[in-house]
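Right, one structure below, let's go through it.
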Amino acid sequence: MSASASTAADFVRFALDEGVLRFGSFKVKSGRISPYFFNAGLFNSGRSVGALAGFYAQALVDSGVAFDMLFGPAYKGIPLATATSVALAGHRAMAGRDVPFAFNRKEAKDHGEGGTLVGAPLTGKVVIIDDVITAGTSVRESVEIIRAAGAEPAAVLIALDRMERAGPDDALSPHSAVQDVARTYGIPVVSIASLADIMTLLQDDAQFAEHREAVQAYRSKYGV
């Protein structure tokens, strides 16, 4: 499930402008050589994170998913949940609703309030927010935390869906990591944009035409 076409297109342009999305030849976590690379860690300033949060908020609103709060898995999800909660508070579609958020620590704190959770109590329908889904480990841990608190995972919200089949080349899964998460936990995965939106840019904008063939070949081999 992706955001509206206009939101997705604007986000792809934004990611390019920020150097977060690049074309070339990159060895990615799976070991594959990818003709593009998306590094959300380069959203690293107040302005860029503020804009990113606006895209997350819009994608969540566009999705129509019913939710009560946000959860950001450590570590990448922490600033994403925080900033997106702020963006939602100012979104006109939220009508002044104040969305709480929480996140976890990697290690339990043994002083003060203690525990591994920080922020609002986990209650109701919870949206897990992260940058991408690679193996689904972060989502699994988040779902366990949310359910252990008596709350309900409502959706996973990510920046980019690579639409890429999981597994080694000689044993490719018929599904992507995103599809596996949706099937395993029975919740939607909402993305701001996807590889399909990147392909639309490559097809529509002549300045990126040189990368079109390589990305299309990669998608044909690994895409879903």
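Cβ atoms are placed via backbone N, Cα and C, with glycine included.
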### Task
Return the residue out of Thr7, Thr134, Thr200 that Swiss-Prot annotates for the same orotate site as Phe37, Phe38, Arg162.
Thr134
### Query
Quick one: what's DSSP say for Thr137 (5-phospho-alpha-D-ribose 1-diphosphate binding site), helix, strand or coil?
helix
### Task
List, in sequence order, the residues of the same chain other than Phe37, Phe38, Thr134, Arg162 whose Cβ lies within 8 Å of the centroid of the Cβ atoms of the recorded orotate site.
Val28, Lys29, Ser34, Tyr36, Asn39, Val132, Leu160, Glu164
### Query
At the Cα level, what's the spacing in Å between Phe38 (orotate binding site) and Lys29 (5-phospho-alpha-D-ribose 1-diphosphate binding site), rounded?
12
